[in-house]
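Report on one structure; see the data block that follows.
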Amino acid sequence: MRMRGGWGRLAEVLAGVALIALTAYESHRNPAPWELLAGLVTITVAVATIRRAPLLALGAATASGLAMVFDYGGRVPLWPVGLMVLTSFLAGRRLDRVGPALAVFGGVVVVGLPVTLLAGGGTDWAALVGYVSFAAALPWQLGRYVRLREELARTGWERAEQYEVQQRMIAGEARLRERARIAGDMHDSLGHELSLIALRAGALEVAPDLDERYRGAAAELRRSAAAATERLHDIIGVLREADDAAPTDPADGAVGDLVGRAAASGLVVRLDGELPGRAPAMVRRAAYRVVQEALTNAAKHAPGAAVTVTLAGDDDETVVTVDNPPPPAGPLPGAGGGRRGLIGLRERVRLLGGTFEAGPADGGFRVLARLPHAAAPAEEEPSEPSRSAAERADVQRRARRTLAVMVAVPVAALGVLTGVSVVAYTYDYVTTRLDPAQFDRLRPGQPRAELAPVLPDRQQRYRPRDVAPVPPPGAVCEYYGTGAGLFEFSEFSYRLCFLDGRLVSRDHIDGRRDTQG
């Protein structure tokens, strides 16, 4: 981070040096030193304070735009534009509040009105407003957008990471709970078998026709079975959490009984098929849990929908399918769940080496479990992707759309203004042109009425500074185009001065050389 900040600071200093060089180059034609001095001061202040006092830097850079209202002999200084663009963008990335920046822009525009009137240069107040809008306000808004986008991205990643951690914790908790249930099921089955062993050993221990040596071995076997049962109970007690209620379902419950109880409680459910006769006990228990969880979810999320439970398989595999169509009246209010039950089922099926699917199907919902009768546990599936990434992408799309609108509106406005200006400029060029041959035939003393047929109906609007000799007192001067190229039209002008209705002087003004022709 320090390296990045150091490189950023170096780039700012280099940009400031480049602006100072541009200022020195542009101001060398200005005999007055104030332009160079103003450039050095504003650039130095802006670069020095852009990090610790960005509002001060923004104010100094925007105020430099006032230098553009003065007359530079037809030259438009570029260093204020570069300073405003650079500083405004960086200030937008560092200023949190909008009001102070808008106050700076508005203050410069308000102060610029009397300054423009007093300066009497070649830039009017409307042009100053345009400079501030496009060279200061627009880059500031762009910098602000970049900062907000970076904050959004950072916040989004943090939320995504937190959400994914939470999802992993929930999934891990559900898997641990299911493993504890599996251990409980194994405890019930194994404990039952150990109890039978102890019971048979006890019978052998008291059998009168058995040798004393064998009765002692039977007694030892009974004590070992009892100790193993107690130890197994302790282990399962450690695995089971304190708030876990004791199981109310039989460890080897039949799926048919489960479906019957659900139907008796009002659920519309149908059972097709039966479990394979050679299905192991853990497979039967897993099938029972799959149907149990699927019926619970159907009652919660699809009330009134008919549920179909299908059992199928062979000597190698058991397949459990639970289907339900969409609910007739919609899900119950607040029926959203944390999907812990499905996560637990997925873990139980995985430990049996099977596959588990749960999701929308044919407008409804389907749960499908394939349970092999003899297989090693399957590899753990990766956790489901977080929805935060999709939400972040959607927010980024909206941000990009906002940026497009924010940039397109000023650009479109600038395009319209440029088009109008081009049309007006071209119209002025076409309608104010005085033929050079006609200009050469004009002689002082000719009446204005005599010249009217050869003079254009309009005078030149876009023309250079009037550097011709001062006309006689009381004379009225008219300006016409010279017929120069369209892009050089405003650099040349024919000036005709009339006094008492007669031509007293005619001058060819060349704005590039500031001399008369």
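For all residues, glycine too, the Cβ spot is worked out from N, Cα and C.
The domain 'Histidine kinase/HSP90-like ATPase' annotation in TrEMBL covers 284-373. Residues annotated as region 'Disordered' in TrEMBL: 374-394. Residues or ranges marked as transmembrane segment by TrEMBL: 55-72, 78-95, 102-119, 125-142, 402-427.
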Paired segments the transmembrane segment (102-119) and the transmembrane segment (78-95) in contact, 3+ CB pairs under 8 A: no
Model confidence over the domain 'Histidine kinase/HSP90-like ATPase' (284-373) (mean pLDDT, whole number): 82
Secondary structure content of the domain 'Histidine kinase/HSP90-like ATPase' (284-373), with strand meaning DSSP E or B: 30 helix, 31 strand, 29 coil
Intrachain neighbours beyond the transmembrane segment (78-95), with Cβ under 8 angstroms and 6 or more residues off its ends: 12, 15, 19, 22-23, 26, 39, 42-43, 46, 50-51, 54-55, 57-58, 60-62, 64-65, 67-68, 101, 131-132, 135-147
Residues from the same chain, set at least six apart from the ends of the transmembrane segment (125-142), whose C-beta lies under 8 A from its own: 58, 61-62, 65-66, 68-69, 80-81, 84-86, 88-89, 91-92, 95, 101, 105, 108-109, 112-113, 116-117, 406-407, 410, 414
